[in-house]
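Peer 1: Pasting a structure here, questions to come.
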Amino acid sequence: MEKAPQGAEDIAALLDYLWLQEGLADSSLHSYRSDLQLAQAYLSVPLREASREELAQWLAAMQESGKSAATRARMRAALMRFYRFALAQNWREDNPVTELGRAKIRRQLPPLLTEAHVEALLAAPDANEALGLRDRAMLEILYACGLRVSELVGLQLRQVAMDAGYLHIIGKGSKERLVPMGEMALAALQEYLRRARPSLLNGRKSEAVFVTARGTALTRHAFWHRIKLHAANAGLDAENLSPHTLRHAFASHLLAHGADLRSIQLLLGHSSLSTTQIYTHIADARLKQIFQQHHPRA
């Protein structure tokens, strides 16, 4: 039997703990796994035995290889979590990551879609086709509800309260929230479920709300390509537009129309208000742009 790579069992033990005890989502577990395996592949000793200097050398190598500050910060966080687990398991008596410098992340504002841009994007799918009805419903919900793309493509029929007009969303860390849909998104979803989804399923069974022409659940990657297509057809900058752009537009437009940050935080499913506060900068930037374009003294 082929021997497992050194440190593999320790990484697997952490991932099992994060899944069973903390309920981490598959995407988060995948990030932990890939980052820790990358670190282990670099080191000449098992991860549990690595020194602060060896870990610093690995992070420096990641910087030299072109990894962004955000990626290196995520890698450091994965190491921190591993060694916290190692301490709890009595594998070692210190956490070598605590003295490692943090990568400085420059928080970038996302590209801002105006309300006119959003209207053009929402009108782009062909409502005469089943896939067009599906995509329009997905775009309407993405903008009306501010969902993460993983929450959108993972939506199950049991999470839709059609009569009440709410979605029961299970977000990061299995945190639950209720999100209102609004009339336009609700109407688009109803039309998709009535006219398009049955033909896409073609007799097959699925609990996924949004399905492909083969009757399987739509993936994030597939939806990413669809939104690029519709953005190009709407005359928008498809290169810099992603499903997450509509989530940013949702929050920014709510703020611009007077919504308070705490309400936006709850709708987005942010665990910290500081994460939501980036949208105040977006709104400020937009106000400055409007002033420069329209004020006679600008």
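Glycine is no exception: its Cβ is also placed from the backbone N, Cα and C atoms.
Just lifted these from TrEMBL, have a look:
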{"type": "DOMAIN", "residues": "5-87", "note": "domain 'Core-binding (CB)'"}
{"type": "DOMAIN", "residues": "108-292", "note": "domain 'Tyr recombinase'"}
{"type": "ACT_SITE", "residues": "Arg148", "note": "active site"}
{"type": "ACT_SITE", "residues": "Lys172", "note": "active site"}
{"type": "ACT_SITE", "residues": "His244", "note": "active site"}
{"type": "ACT_SITE", "residues": "Arg247", "note": "active site"}
{"type": "ACT_SITE", "residues": "His270", "note": "active site"}
{"type": "ACT_SITE", "residues": "Tyr279", "note": "active site, O-(3'-phospho-DNA)-tyrosine intermediate"}
Peer 1: What number of additional C-beta atoms lies within 10 angstroms of the C-beta atom of Lys172 (active site)?
Peer 2: 16
Peer 1: Could you tell me which three-state DSSP class His244 (active site) falls into?
Peer 2: helix
Peer 1: Per DSSP, what is the residue tally for the domain 'Core-binding (CB)' (5-87) in helix, strand and coil?
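Peer 2: Computed counts for the domain 'Core-binding (CB)' (5-87) are 65 helix, 0 strand, 18 coil.
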Peer 1: Out of Arg148, His244, Arg247, point to the one nearest Lys172 (active site) in space (Cα versus Cα); all of them are active-site residues in the record.
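Peer 2: For Lys172 (active site), the closest Cα among Arg148, His244, Arg247 is found at Arg148.
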